[in-house]
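Visitor: First the structure, which I've put down as structure tokens, then a few questions once you've had a look.
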Amino acid sequence: MPKLEMMLLVLLILPLSYFSAAGGQVVQGDLHSDVLARYLQRGDRDARECQVNTPGSRWGKCCLNRMCGPMCCPESHCYCIYHRRRGHGCSC
């Protein structure tokens, strides 16, 4: 089989693996959400305490403590301050 025909065959078959047999819906594995859910279920962690810095997106960073700019503070009693020339940072 020539290379072009083989490539077209692969391009035709490859997208089929992304559809479920039930209704042709795209199957999207959401590994990040699954890992986060398992993490939050351990111990006394609760998803309601999770502060996501990108509302409406399931790919945002989750902080169980206070958020400070793009990062999570390491402890619950920390607060966020702004350092001139260095940006936001946690003060504990």
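Placed from the backbone N, Cα and C atoms, the Cβ positions cover glycine too.
Dumping what Swiss-Prot says about this protein:
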- 1-24: signal peptide (SIGNAL)
- Glu49: 4-carboxyglutamate (MOD_RES)
- Pro55: 4-hydroxyproline (MOD_RES)
- Cys63-Cys72: disulfide bond (DISULFID)
- Cys68-Cys80: disulfide bond (DISULFID)
- Cys73-Cys90: disulfide bond (DISULFID)
- Cys78-Cys92: disulfide bond (DISULFID)
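Quick one: how deep are these features, and who are their neighbours?
Guide: In three-state terms derived from DSSP, Cys72 (disulfide bond) belongs to an extended strand segment.
In the shown protein chains, 20 other C-beta atoms lie within 10 A of the C-beta of Cys68 (disulfide bond).
For Cys90 (disulfide bond), the number of other Cβ atoms no farther than 10 Å from its own Cβ, over all displayed protein chains, is 18.
Cβ contacts within 10 Å of Cys78 (disulfide bond), excluding its own Cβ and spanning all protein chains shown: 16.
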Visitor: Once the chains shown are all counted, how many other Cβ atoms turn up within 10 Å of the Cβ of Cys80 (disulfide bond)?
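Guide: I count 14 other Cβ atoms within 10 Å of it.
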Visitor: Take the Cβ of Cys63 (disulfide bond) and count every other Cβ within 10 Å, whichever protein chain it belongs to.
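Guide: 16, counting other Cβ atoms within 10 Å of Cys63 (disulfide bond).
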Visitor: How many other Cβ atoms sit within 10 Å of the Cβ of Cys92 (disulfide bond)?
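Guide: The answer is 10.
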